[in-house]
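Colleague: Pulled from Swiss-Prot, these are the listed features:
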BINDING   12-18, 40-42, Arg293, 318-320, 400-402  GTP binding site
ACT_SITE  Asp13  active site, proton acceptor
BINDING   Asp13, Glu14, Gly15, Lys16, Asn38, Ala39, Gly40, His41, Arg134, Asn212, Thr227, Arg291  IMP binding site
BINDING   Asp13, Gly40  Mg(2+) binding site
ACT_SITE  His41  active site, proton donor
BINDING   Thr287, Ser288, Thr289, Gly290, Arg291, Arg292, Arg293  substrate binding site
Amino acid sequence: MTITVVLGAQWGDEGKGKLVDGQCRDAQLCARAAGGHNAGHEVRVSFHLLPSGLINPKWFYHSMNFIGSGVVFHVPSFFSELQELEDKGLVAVHDRILVSDRVNVLLDMHIAVDGLEERELGGIGPCYQASRARNGIKLTDVFHPELFEQKVRRLADGYQKRFGELFDYDIKAELARFDEYRETLKKYVVDGVSFMRSAQQSDMKIVIEGANALMLDIDYGSYPFVTSSSTTLAGIIGGLTLNPKNITEVVGVVKAYTTRVGSGAFKTEDTEEIGTKLQEIGREWGTSTGRRRRSYTDLVVVKYSNSINYYDSLNLTKLDILDTFETIKIAIAYKVDGEELDSYPADLDILERAEVVYHEMPGWQKPTTNAKTYYDLPKAAREYIEYIEKFVGVKVKYIGTGPDREAMIQRA
């Protein structure tokens with residue numbers, strides 16, 4: 001048995017799906033541990049809730065996909081994504097996906113509340129809030145209609161008292177939808193703890209796909225501009241009941257430059273020529289949330305990320321996007337009043353006052369897209385990679401050199 005965990009090391013959209021896709025080609029299980037249908041990932045198909053392993057061409061090897069207990073589960077999105085995959089010709093998708101009975105069910109009610117609280121409209125935050133307040137709804141509750149209705153009405157009553165007439169929600173329509181879903185859902189639902197225990201006792205190759213990224217973690221991200229779940233290795237372990245001793249490799253995925261979506265501190269952001277060039281060449285449009293903010297690589301962030309997730313290796317993605325740059329800048333420190341900070345700060349005032357220290361390296365100005373091995377890369381590209389390795393203290397094992405599935409160099 002081997003377990004490979006793939007985690008985003010920046011603010012998301014690093015390209016985790018491509019590595020997961022490659023790792024899942026001969027895997028027996030691909031799983032997600034946390035997050036919800038707002039965590040977009042794209043290889044050839046845009047995913048949000050489902051694991052990327054569903055596009056594994058070797059489905060006949062009994063490759064299974066699993067949504068773990070830490071996920072918030074929006075049933076309409078689950079069915080619509082499965083239908084989209086089926087429409088695109090992917091085989092046996094309904095037979096290759098299972099869901100833990102302990103996931104929290106994300107209702108349209110949560111989405112309505114999210115809109116009232118002026119956040120993103122996915123309902124992720126209110127669903128996690130309900131869970132922590134112990135009035136959430138587990139997937140197992142759905143199969144007890146009277147209990148399910150009681151819980152939905154109790155939750156709706158609480159929101160009605162809080163928001164009054166602003167709370168526009170059709171509880172009868174929601175309950176009717178679940179009356180339709182109930183029988184169809186049954187085939188996908190398993191005891192998540194038992195399933196993962198059996199998987200870890202087998203000879204399976206297991207690939208775990210992290211949602212979002214470290215800098216969006218509820219505890220260690222750039223708070224408060226974060227998601228509502230744990231995106232760390234600890235969140236993976238808890239969301240899937242993994243035995244930490246069974247983990248073979250933890251891979252941090254790092255884009256060769258830095259992007260983030262939405263509000264929040266982004267010290268290296270470039271809104272001028274470089275940022276525009278990165279956006280145009282890199283096609284920087286988020287799977288879930290649209291336009292991304294761009295900058296050169298911020299190794300302060302990557303090193304901080306490694307201090308929490310302790311990566312065994314890194315996957316550097318989209319190296320080819322830098323092929324035409326004459327000079328490449330790398331953020332290597334933050335300074336306040338001339339003094340270098342030890343790490344990425346939690347204090348937003350300190351972060352606001354911090355100045356970024358850059359290291360400049362010559363670009364390679366040669367195409368990397370045809371490189372099959374590490375030494376096919378231009379020397380300056382290798383020096384860039386090796387600088388990242390030395391600074392972070394983790395080997396760059398996987399290098400993405402283009403959008404194709406095969407455009408990935410793996411070093412020994």
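Placed from the backbone N, Cα and C atoms, the Cβ positions cover glycine too.
How about a rundown of where these features are and what they're close to?
Modeller: For Arg293 (substrate binding site), the number of other Cβ atoms no farther than 10 Å from its own Cβ, over all displayed protein chains, is 21.
Around the Cβ of Asp13 (active site, proton acceptor), 27 further Cβ atoms fall within 10 Å across all displayed protein chains.
Gly15 (GTP binding site) falls outside any helix or strand according to DSSP and counts as coil.
In the three-state DSSP scheme, Arg292 (substrate binding site) is classed as coil.
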Colleague: Over all shown protein chains, what is the count of other CB atoms within 10 A of the CB belonging to Leu319 (GTP binding site)?
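Modeller: The answer is 25.
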Colleague: Please give me the CB contact count at 10 A for Gly15 (GTP binding site), counting all chains in the structure.
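Modeller: A 10 Å sphere around the Cβ of Gly15 (GTP binding site) contains 22 other Cβ atoms.
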Colleague: Taking every protein chain in this structure into account, which of the binding-site residues Lys18, Arg134, Arg292 has the most other Cβ atoms within 10 Å of its Cβ?
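Modeller: Answer by Cβ density within 10 Å: Lys18.
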Colleague: Out of the recorded positions listed (Asp13, Lys18, Thr227, Thr401), which are within 10 Å of Arg292 (substrate binding site), Cα to Cα?
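Modeller: The recorded positions close to Arg292 (substrate binding site) (Cα within 10 Å), listed in sequence order, are Asp13.
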Colleague: Measuring Cα to Cα, how far is Thr227 (IMP binding site) from Gly12 (GTP binding site) in Å?
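Modeller: Thr227 (IMP binding site) to Gly12 (GTP binding site), Cα-Cα distance: 11 Å.
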Colleague: In Å, rounded, how far does the Cα of Lys18 (GTP binding site) sit from the Cα of Arg134 (IMP binding site)?
Modeller: 36
